[in-house]
Amino acid sequence: MSKKSVAQLSAADLEGKRVLVRVDFNVPVDEKGVITDETRIRAALPTIQDLISKGAKVILVSHFGRPKGVDEKLRLTPVAQRLSELLHKPVAKLDDCIGDAVIAHTQAMANGDVCLLENVRFHPGEEKNDPEFAKQLAACAEVYVNDAFGTAHRAHASTAGVTQYLSPCVAGFLMEKELEYLQNAIEHPRRPLAAIVGGSKVSSKIGVIEALLEKVDKLLIGGGMIFTFYKARGLNVGKSLVEEDKLELAKHLETKAQEKGVELLLPTDVVVADNFANDANSQVVSIEAIPDDWMGLDIGPASVKRFQEALQDCKTVIWNGPMGVFEFDQFAKGTEAIARYLAELTSQGVCTIIGGGDSVAAVEKVGVADRMSHISTGGGASLELLEGKQLPGIAALDDA
């Protein structure tokens, strides 16, 4: 499923062309509207700079937050200001993303100019993938580049609908890197291939666990979902989080792992607390000895060691989801130890892929983000790609 990339378009293909680039500028801001993490803006720079250098007229489009109609707090003005500083050139922020004023501005652009359209989610037609809205959005451009992997699993006007009206439609550098790492890890991995799946609920990771059992050599499970597996085995889990309606499923997944010859590892010890708080009393216990009124909030030190030993000979490791409640420092040790160990494995030539969401926050918190092979920018999108699903935003691009 390899897709055509912006790298394959030359200056001759792009010079003087108006290029609509779907980026992901959905950055976190504080109550004053100041950007607190500009990672997503920086991640889009290689594609934007490449288009500028090839003489294109760059028209950026993104969503920001979840507005219901126009919301003054969710205008993209601060993003345009920061982008302008990073690019060392002016970035015009337009007042809308469709309409005559937008078309007039984009037609008057010089080669190498950059503008940012207003928050595309101010229009309900974006999330509905309304063909009429998609047509109006595409009217300002000729070529389409999608560099927003984080929204590739959504069939929206700016990720899928506009491709009906623009050509060529290609992947940006960020999108290309995501596809290269995630698809290779699943389709042509260097083995042994291990996946570490964490998070609190089995229900949100069923699809990915089922799909991974078809592909991996080892599956390590941590996070709150382990207690559903323990309860299914008949163990007492105290007040730990359990999805009662998923007990049969947990049994099925363990059986499936055996049938497929996949080594499925669950923690052997856990850190339990007497309540859900950072300052709770805690102790390390074996999974057979969880006290009645206590709840498990992290994997224990023996499990960390066991997980590290299991990963030692692996050549590819995919990690999605924390090992415990890592927002509380007291219960972050399991997650942090795994993050550090993966950084160590990367330095020994192992391909390590951090698949979106909380695991990205975890490796950033530990300060080892730059030591991983690849950090996925899309939470839901990377999960769906690992599940083997077709993502609308990727399917809509031209094949290589």
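Heads up, the Cβ atoms here are built off N, Cα and C, so glycines get one too.
Annotation comment: Swiss-Prot describes Asp24, Phe25, Asn26, Arg40, His63, Phe64, Gly65, Arg66, Arg121, Arg154 as substrate binding site, evidence class sequence analysis. Taken from Swiss-Prot, the feature ATP binding site covers Lys205, Gly296, Glu327, Gly356, Gly357, Asp358, Ser359, and the record attributes it to sequence analysis.
Structure coloured by features recorded in Swiss-Prot.
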residue: Asp24; record: substrate binding site; CB count, 10 Å: 24
residue: Asn26; record: substrate binding site; CB count, 10 Å: 19
residue: His63; record: substrate binding site; CB count, 10 Å: 26
residue: Gly65; record: substrate binding site; CB count, 10 Å: 13
residue: Arg121; record: substrate binding site; CB count, 10 Å: 25
residue: Lys205; record: ATP binding site; CB count, 10 Å: 21
residue: Gly296; record: ATP binding site; CB count, 10 Å: 28
residue: Glu327; record: ATP binding site; CB count, 10 Å: 14
residue: Asp358; record: ATP binding site; CB count, 10 Å: 17
residue: Ser359; record: ATP binding site; CB count, 10 Å: 31
Any idea what the Cα distance is from Glu327 (ATP binding site) over to Asn26 (substrate binding site), rounded to a whole Å?
22
Find the one among the binding-site residues Gly296, Asp358, Ser359 whose C-alpha lies closest to that of Gly65 (substrate binding site).
Asp358
Of the binding-site residues Asp24, Asn26, His63, Arg121, the one whose Cα sits nearest to the Cα of Gly296 (ATP binding site) is Asn26
Students should find that the Cα atoms of Asp358 (ATP binding site) and Asn26 (substrate binding site) sit apart, in Å rounded to an integer, by 16
Name the secondary structure element type, per DSSP in three states, that contains Ser359 (ATP binding site).
helix
Rounded to a whole angstrom, what is the largest C-alpha distance between any two of the residues Asp24, Phe25, Asn26, Arg40, His63, Phe64, Gly65, Arg66, Arg121, Arg154 that the record assigns to substrate?
18
Calculate the distance in Å between the alpha carbons (Cα) of Ser359 (ATP binding site) and Asp24 (substrate binding site), and round it to a whole number.
19
Reported as an integer number of Å, what is the Cα distance between Asp24 (substrate binding site) and Lys205 (ATP binding site)?
24
